[in-house]
Amino acid sequence: MAQDRPLLDPSPRPPPAPLLPEPPIRLDPAARSARVDRISFVADTPVPRRGSRADSDRLAASQRELSDDDARLVYINDPSRTNERFEFAGNSIRTGKYSVLTFLPRNLFEQFHRVAYIYFLVIAVLNQLPQLAVFGRGASVLPLAFVLLVTAVKDAYEDWRRHRSDRIENGRTASVLAGAGAGGRQFQPVRWKDIRVGEIIRIAANESIPCDMVLLFTSDPTGVAYVQTINLDGESNLKTRYAKQETLSKSVDMEGFTGFIRCERPNRNIYGFHANMEIDGRKVSLGPPNIVLRGCEIKNTAWAVGVAVYAGTETKVMLNSSGAPSKRSRLETHMNRETLLLSGLLITLCLVVCVLAGVWLRNHKDELDYSPYFRKRASPDDDSSYNYYGIGMQIFFTLLMSVIVFQIMIPISLYISMELVRLGQAYFMIRDASLYDEASNSRFQCRALNINEDLGQIKYVFSDKTGTLTENKMEFQCASINGVDYSGGKASLPGDGEAYSVVGDQFWRPKLLVKTDPQLVRLLRSGGERGEGMRAREFFLALAACNTIVPLTVETPDPKRKLIDYQGESPDEVALVYAAAAYGFVLVERTSGHIVIDVLGERLRFDVLGLHEFDSDRKRMSVIIGCPDKTVKLFVKGADNSMFGVIERSINLDIIQATETHLHAYSSLGLRTLVIGMRELSRAEFDDWQSAYEKASTTLFGRGGLLRAVAANVECNLHILGASGIEDKLQQGVPEAIESLRQAGIKVWVLTGDKQETAISIGYSCKLLTSEMTQIVINSHSKDYCRKSLEDAIAMTDRLAAMSLGAQNTITGTESQRVPIALIIDGTSLVYILETELEEELFKVATACDVVLCCRVAPLQKAGIVALIKNRTDDMTLAIGDGANDVSMIQMADVGVGISGQEGRQAVMASDFAMGQFRFLVTLLLVHGHWNYQRMAYMILYNFYRNAVFVFMLFWYVLYTAFSLTTAITEWSSVLYSVIYTALPTIVVGILDKDLSRKTLLKYPQLYGSGQREERYNLKLFILTMMDTVWQSLAIFFIPFLAYRHSTIDGSSLGDIWTLAVVILVNIHLALDVFRWNWITHASMWGCIVATAICVIIIDSIPVLPGYWSIYHVMGTGLFWLLLLGITVAGMVPRFAMKAFTEYFMPSDIQIARELEKFGNLNEATASEIPMSTFSQPQQGFI
């Protein structure tokens, strides 16, 4: 949520002192006891005040100035002096990874991080040795070279695009102050890459900023500039930046414009900047409002001038361009286990060949002089050894040669096939019209191609609330002013007595209209200057003044009418300012020193004497206003648990209690609430604040803590004005989406920064919480209370579980449905639980619950909750959010999904997938996730099977050739087997095949459970597949062997039969498992068989290759075709029989649904007609 993000994020500072716990808001005991199914663990003992000594120590430490060695010194308008002493980075950027010289070594180094590639490289090197040359030297290198080449071409193209982008970026021009002489210094165009730190730069409207620079002056007399940061953080709302008053009077073309800036070293914090500027002997403090960052654009400002302080790779945007951490899919991790098993099987086959070869050599040692492969002598009279190195070395050579022959047991083509399949799957996900959001005009984005299949195995979904479950489009609904609730009256329609401001002969009115309460409108217009009327006016004056909103005028077809468009970083603030305008308090102008508000038709100017922006520690913001009547007023707004701690309770206690009651009612309706307070400052109080503020703001290091302390000192003893209720409506389809996810066996946890009552109300609205659930509430303010609450919660969950298991239905004798449980816990409790020994207790409670709702949680606590599950279970986790405060949670989860919402694109940029609406998650997981997992799981097993069949066939041949490791299959057929003969069909099936239709998967979410239970890929299925592989290899080898045993056919002709037979068999095997046929599948599958036959014919037609004309000797006989048919039938009979048996007698959920699709009417079927075995064991059958 935007409200949770600090606008003034402090620089690195000493560890904060323990925060003062806010007193919890107590619910009405009667209301609490009305629900018998809600168990609340709330600490009732007051908590002592802590942290004052630590706070004072921290403040003292932060007042220390930063030395020149620890700070960056920038001499204004003197880049030579600046860069002479300090070797600052130039403004040239480089995002490309490679250069012409480094591409080949670096790319190969990165590719060989895959252990399998090293394995194949070793095999290729061994084959180059004359003693081990089983294949031709070129043919042995070809498969690895092909894979490396394809990957290198892809990487080179991507890097070429990065270099092209860098050249365009570095070649852009900006106006830099340069030159000297009679004409004075003038702005001249300079390429971005030539800009240096210390130079003065002029930026015109709608131009991008070339580097991080401190504003000196702007076209606005007050020094205001409006910037758009969409390229930096994705937020389209305009932000205000200010030049200091001390620099506005200077002229940039004067030689005497000198000074220097002492600022912090480059860092990634885009919301923080701490520096001092010394000009004319006076020290001026600089902060985030005074710096504009590279990548931003100047808007609604004719020009702005600034001095470069960070350039090139040291700019904040470049320091934040590292990207999200790399993730690996669960399926690929499991694949490594099977790869190790295959490696063990490969070693076993090689050892068997070695042992048998040693036995054969020993038994035939007297015949080796006449053996064509083991002649001891070149001639009877020559005693020199020839092609023989003794039994020991021959056994060792046999071992290495067998590794070379059986090398394709580990399929090298699998890696490139997986990349291509994932690319195809991503294409269809991006093109899916059901994932397109018309409101934001955004398509689905697949930002991480290597975890597509993980979408089909998700068990936990961790979701933000605001902007993810809700629209994050705030609408003012009601208010409590001076203890009176203005939510029950009938709201007037927009346009009835709408507020506007008269500017000359023009009428300005707010762009958005808000419904108003007639009673409140009458009170404001006729309430006088005392009592309720005065409090109501001060309430709406606070809404109009206490913010950072920028009012912009928008032209209309009528030249006498203009619209006021309020731009701000927080949707809550925008909603409150529009509400104030609707009631007659129209904000029409904002500068760095004053604001203009049209108060019920009278334009008034208010001086902005001070502003403490919102931060996540205080959870409130304040503004000090100089009013036209010469009084100074402090307006404060913030979260209720923060505000009630600083409101003076000795007066107006009845109003405070009434406001608390109204707040509880608003929260119960799911409204977002803020409390508004104010007090009038005396001259002495204002002088004290101003002195402390100036002292804190000129401190370079630790300024954030000092400013918070200054704000806390003045934000006290407030008079309560009232509270506001803002509605953040649920997104379309959220309740239905959560219900579908729950039916799919996915647990949905909501992690939000909102108060507990608001979160619970939204939980009921979106069907996350139901009336049947027993709620366990943990609100504790100490570690001991947390431990006691968790122990009680564990006892409660155990008792409820025992009740569910023990209850028997007296009529049917079946177990009754278990009692659903919901855990509700706040961020204060998590402070004492996470990263302590209590984590294990929380894990036990949370996993026993159906729903977990975490309230008032900080961003790092969100990541901690995800880690709680991720580090203790094998279940797949998914985190979804839309704001910067969700980034850590998104990166912690196995799968991160960003929502393209109202809070910028930080979450999208850190995510693996991005989409426009929460409801799209159902289609993404239940449809595309299911398809991706089913396809990829089958493709991996099929690749293992396909290569194992070929290896076992070679193994049987070795047993009948004196273990000499000769092969009847040509070396080129061996190389092309995994690359051309059988690769394309599995890629096509992996991209296009669908076991079930979209309609079925959405109608029956329980079908998603097959991926969670790993039914399509598991160790038992792998073992059964290998057993089937052995049988098929026996059929392929022995049927032709026995048929031609007493014939004169040569080995090459027999090898051609085996080549064609294995290709036909593995493709028929694949065809038997295809669910959806289309012309591409037909063309790839049968085309590969035809291509194999053509390749065999071409290879046997080349005289220089072994086996010349072999295929022609056998292809013309009827026995040849009969053998191919017999091999196919014999090899497939066991698999076909097992498949028919399991699907008829032990059908899986997917098989039942497929039969319903084919033979039944899905529209007329009900859930009861499909007995889903959602807790069935993994399918025990062949792939």
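Glycine too: its Cβ is placed from the backbone N, Cα and C atoms.
In TrEMBL, the transmembrane segment annotation falls on 1084-1105 of the listed ranges 116-137, 1084-1105. Annotated range for region 'Disordered' in TrEMBL, selecting from 1-27, 55-81, 514-540: 1-27. Counting in whole angstrom, Gly753 (ATP binding site) lies 9 from Asp464 (active site, 4-aspartylphosphate intermediate) by their C-alpha atoms.
Neighbour density around each Cβ, counted as other Cβ atoms within 10 Å, peaks among the binding-site residues Thr466, Asn885 at Thr466.
Counting C-beta pairs under 8 angstroms (sequence separation of 6 or more), the transmembrane segment (1055-1072) fails to reach the transmembrane segment (391-416), with fewer than 3 such pairs. With a 10 A radius on its CB, Arg672 (ATP binding site) counts 25 other CB atoms from all the protein chains.
For Asp886 (Mg(2+) binding site), the nearest neighbour among the recorded positions Asp464, Phe614, Arg672, Arg856, judged by Cα separation, is Asp464. For the pair formed by Arg856 (ATP binding site) and Asp464 (active site, 4-aspartylphosphate intermediate), distance between Cα atoms is given as 11 Å, rounded to the nearest Å. Taking pairs at least six residues apart, the transmembrane segment (1084-1105) and the transmembrane segment (975-992) share three or more Cβ pairs below 8 Å and count as touching.
Between the binding-site residues Phe614, Asp882, Asp886, the minimum number of other C-beta atoms within 10 Å of a residue's C-beta occurs at Phe614. Here the transmembrane segment (340-361) has long-range neighbours at 368, 374, 391, 394-395, 398-399, 402-403, 406-407, 409-410, 944, 948, 951, 955, 958-959, 962-965, 1022, 1026, meaning same-chain residues at least 6 beyond its ends whose C-beta is under 8 angstroms from one of its own. Using a 10 Å Cα-Cα cut-off from Asp464 (active site, 4-aspartylphosphate intermediate), the binding-site residues that qualify among Phe614, Arg672, Asp882 are Asp882. Long-range Cβ contacts of the transmembrane segment (944-963) within its own chain (Cβ-Cβ under 8 Å, at least 6 residues beyond either end) map to 338, 342, 345-346, 349, 353, 356-357, 360, 364, 371, 373, 398, 402, 405-406, 408-411, 414, 969, 977-978, 982, 986, 1022, 1025-1026, 1028-1030, 1032-1034, 1036-1038, 1041, 1058, 1062, 1065-1066, 1069, 1183.
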